Structure formats: C-alpha cells, structure tokens
Amino acid sequence: MINDVISPEFDENGRALRRIRSFVRRQGRLTKGQQLALDSYWPVMGVEYQAAPVDLNTLFGREAPVVLEIGFGMGTSLVTMAANNPQQNFLGIEVHSPGVGACLSSAHDAGLSNLRIMCHDAVEVLENMIPEASLDMVQLFFPDPWHKARHNKRRIVQTPFVELVKSKLKVGGVFHMATDWQPYAEHMLEVMSGVSGYLNLSEQNDYVPRPDSRPLTKFELRGQRLGHGVWDLMFERKE
C-alpha cells in the first residue's frame, strides 16, 4: 500500500512514462500510533489502487452521494466532514503515509463507516479508478502552491486536471478548492474560467465565502489571527 504511491515510471523497454507530478514523495517517519492504525484499520477502510474502474456503491456497501477529497493531510477536516455528514460517502486520497495513518486512527476513534482512504497519486486514481460522472463533489483544500515561478508547472490545478475532474463529476456536481496563497487563487480562477462546462458559484464570478461544510483547521485559524487570507472557489459542472 505505502510503497505503491505511483505507478511504474518506465515501460518494459525502459522508456520514461513519468509525467510532471504535483507532489514530492517523502515517506516521513510513522509514529507508533500511525503504524498501528495502518496495520489495524487499513484492511477495513483502505482501498488499494487498481488500474480499472471501481463500483463506488460496492466500495462503500451502499448507494449515497460521493465526496472525493484530494490531499487530506492528517485527515482532521476530512474526518470531521464525514462525521458531520453520515448521509454521504467520503473517499480521501493522500500520498504521505503518516497522514494516512493519522486519518485512519481518527476515523476509527470517530466510529466512521462512510469513509474510505487511498494512498496513491490522485491523478492516476481519477484517470483509472473513478467512473465517469460518478462524483457529487471533489475537494482540493490547500494544495502545494509551488511558490517559485519555475515550479508553477507542478501545480495540480492545470487545464488537463480540471477537465479530468469535470469528467468525473456528475452534472450538478461541484469542484471546491481552497488556498491561502493569493497568486495560486488567481491561477485557479484563471484556469477554471478557461474551461467550458463549469459554472462559477461566486456571485462576483471570483471567490466564494468559506462554506460551513469546510471545517476551519488549526493552521487556518492561526493564519486568520495573523491576518492571512484564504480563498475558496466553487465551480459546478453544467454539462
């Protein structure tokens, strides 16, 4: 599970298959609690990557709206949302194993049955595992902004990714993004506005107020006290 975050980067002839990725693989050191959670709860809540579509109703054992979160960090907000919305199914994707372990532990403590976790490249999951027009919401909160200009190409929000997300959303489904880096917020808005088939849910056609459905993190609360801004964007699939 942990050692298969990305698919092979070379084909059988040794040709590079690698694409530009929005994350850097850093294994990190697992605490004893995180390792215990991985050993104990991954068999219940963990989902192994496969290069074929998965039936989401079968995955969760029921039919319900599905929310996909990309890059959930330590899982605090994701677990809170899943606990607050038992009528929805939540699928979280994170590439760093300490975060996966922490999220599994918190989800177990909360007694959640509507949360599944993956440890893999989210782009590959979207491309190969998620059926077309199957998601009610995709959440991307505080992705790496890749501040330096020469690294901007690593930002996950690019036109091909936005098109991919749209294809996986149901008509009426929503792509919700949040960032605390204004240049990235402006980049998100520019990219999203350039892709047809989306409707910006902002009345001013830019950013929306933070919806109550997105919990405030400790990091965000600290930023607010320091006067830092946060920008939320919500776009609905219209076609």
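Each position is counted from 1, following the chain as shown.
Just so it is clear, glycine is given a Cβ too, placed from its N, Cα and C backbone atoms.
Check Swiss-Prot against the ranges 84-89, 150-155, 210-215 and you find region 'Interaction with RNA' recorded for 150-155.
Sequence-distant neighbours of Glu69 (S-adenosyl-L-methionine binding site) (same chain, six or more apart, CB under 8 Å from its CB) are Leu78, Met81, Phe90, Leu91, Gly92, Ile93, Val138, Gln139, Leu140, Phe141, listed in sequence order. Largest CA to CA distance in the S-adenosyl-L-methionine binding set (Glu69, Glu94, Asp121, Asp144): 15 Å, whole number. Residue pair Phe219 (substrate binding site) / Asp121 (S-adenosyl-L-methionine binding site) shows a Cα separation of 24 Å. Ranked by Cα separation from Glu94 (S-adenosyl-L-methionine binding site), the recorded positions Asp144, Asp180, Thr217, Lys218, Glu220 are led by Asp144.
Within the group of recorded positions (Glu94, Asp121, Asp144, Asp180, Glu220), the Cβ with the highest number of other Cβ atoms inside 10 Å belongs to Glu94.
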